[in-house]
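Positions annotated as active site, N6-AMP-lysine intermediate by Swiss-Prot, on the basis of sequence analysis: 115. Per Swiss-Prot, the feature NAD(+) binding site maps to 32, 33, 34, 35, 36, 81, 82, 113, 136, 173, 290, 314. What Swiss-Prot records for 408, 411, 426, 432 is Zn(2+) binding site, and it gives sequence analysis as the kind of evidence. Sequence annotations record features per position, and here Swiss-Prot assigns domain 'BRCT' to 593-671.
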């Protein structure tokens, strides 16, 4: 007679097998009623023997207790976004850039997938068992949605098959099929619940429930499309090969993934999917095109927040007609005056649209737009509403001309438009309340000074009450003054003060980015910080010297030079330093002169570090003249292997590359 343990093992194995056939292979062998019977049998046995329940049991998909709030998970490998193209010409230009950058006649094949309109998630398996899941968030840090993801039947709690890596992070999209979306809304209308505008909102709302039991009732599904962390195992050296391997391990992959041998085949795939879009049964907003070879991907690399080897080819946006009620003007962080059309509300691609950007005065002139006109609205990229054209044949008699302001609508300062630029700007600088608000919001944002708890509404109140005029004023705030703001109690106020104190310790690159210099994003700020090393050197740099920094041209160099030439900006920086803002003193990075065992070497980190974070380790290595790479190749000089080091360590040993452990790294860093 079988033991209880054997019965449980057999039932779990059988149920996982049928889940795989149903969700991955789309070839069920048994009817739903038989699956339900097996599940009931397993649940009854586990109820009688709770000490034998395992976390990966199919019964454990049922939602756990509600959470008070989501905790955060930091992505070990950032979840990058993709650049978009919207027409064949742009795609062909992307194709040419890839071919040119590879600088060879070697063949490029493309792996083409559906661009699902859902929520990007990261799922981590350790020894084949699902241990955590997170949203994309800002690409660096996401929300912990492990309990909710465990309720999604399409996602295996345990992988099956051979050669499963010790740690495998799968990336993919959670989405809601059209039938499930309609059922949810039908139930909501009947019970007076929330009706969702589109399947994507419904999927996001379902996945971000604090109560996993609610998520468990929603018919969410999942397709995987990539990998993040990979340790203690190997994967095929092509993107398609990896997807097929995922499928063998029980992970769902779209059956529309196609390998294309040329740009012409990619375009044919795009048009075929566009034609089939209405019959897919779920929402997509384009196709994703990736270089199939992992070796070629590595050579192409990344730019800022996106890979050079992939692009999202978006479908034409959906359009609707409505009327322009008025045109108002918004003022941005750099003083840019942006006209915004206030519309008669209309549903476009499932979203109620009441505003649309008009970009600038040239765009208004190009459109020939007047207030009161009937216009065609498009959600560009299915996200940002914009006015496509005016329906002149239906222009009402009482339309009014759009008059672009000569003075800032917020502070009254002169509006100027530099020759050769399309954007008109307020000249008020920080005396302009709108610019001040947006500049401060940028200054405290996560990727800048990262002041936790300092949200937009707090900044708005601080500016309106004239508590804060410059970024330096933020560090003069007291808990008592903050308590006077709306919805700000003593505890919350003290938390903000503590966060401001913590934010004083930053990096030179973050500080530069936080200053909000025109055209200086994160990548440029990092480049400037690495090249000049000190604030004094950067402030004294000429336009010619600035252009020696990689990817800095005449326009960016001029903006940086002009920013530091402005006395008011230098005063703000001095005030910030006086308030205690600081960063580690730079170590001169000169591979020929620096006395460091890492100087001039290409270093790869793998495995988990116990004494410092990987980010901190990378920063120290760079300070000491190393170039930190993400993968092992013949050009790698040194591999630092932490706990549970995987395929990178194996490859280093195969290539005969020097390998040291964390203890040796710390010793060398100290020397």
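Using N, Cα and C of the backbone, Cβ positions are placed for all residues, glycine too.
Can you tell me where each of these features sits in this structure?
Contacts of residue 115 (active site, N6-AMP-lysine intermediate) defined by a Cβ separation under 8 A and a same-chain sequence distance of 6+ are given as 284, 285, 286, 287, 288, 312, 313, 314, in order along the sequence.
Contacts of residue 136 (NAD(+) binding site) defined by a Cβ separation under 8 A and a same-chain sequence distance of 6+ are given as 79, 119, 120, 121, 122, 142, in order along the sequence. The DSSP secondary structure for residue 136 (NAD(+) binding site) is coil.
Under the three-state DSSP scheme, residue 408 (Zn(2+) binding site) falls in the coil class. In sequence order, 331, 335, 337, 414, 415, 426, 427, 428, 432, 434 are the residues near residue 408 (Zn(2+) binding site), counting only same-chain partners six or more apart with C-beta under 8 A.
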Using C-alpha atoms only, work out the spacing between residue 411 (Zn(2+) binding site) and residue 290 (NAD(+) binding site) and round it to an integer in Å.
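For residue 411 (Zn(2+) binding site) versus residue 290 (NAD(+) binding site), the Cα atoms are 48 Å apart.
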What is the number of other Cβ atoms found within 10 Å of the Cβ of residue 432 (Zn(2+) binding site)?
21
Can you tell which of 82, 411, 426 has the most other C-beta atoms within 10 Å, given these are the binding-site residues?
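The residue with the densest Cβ neighbourhood is 426.
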Determine which residues of this chain, when 408, 411, 426, 432 are set aside, have a Cβ within 8 Å of the centroid of the Zn(2+) site's Cβ atoms, and list them as they appear in the sequence.
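Neighbours within 8 Å of the Cβ centroid, excluding 408, 411, 426, 432: 331, 335, 409, 410, 412, 413, 415, 427, 428, 431, 433, 434, 435.
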Sort out the sequence-distant neighbours of residue 290 (NAD(+) binding site) for me: same chain, 6+ apart, CB within less than 8 Å of its CB, listed by position.
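Counting only residues 6 or more apart in sequence, the Cβ neighbours of residue 290 (NAD(+) binding site) under 8 Å are 110, 111, 112, 113, 239, 297, 309, 310.
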Helix, strand or coil by DSSP: which one applies to residue 115 (active site, N6-AMP-lysine intermediate)?
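Going by the DSSP assignment, residue 115 (active site, N6-AMP-lysine intermediate) falls within a strand, counted as strand.
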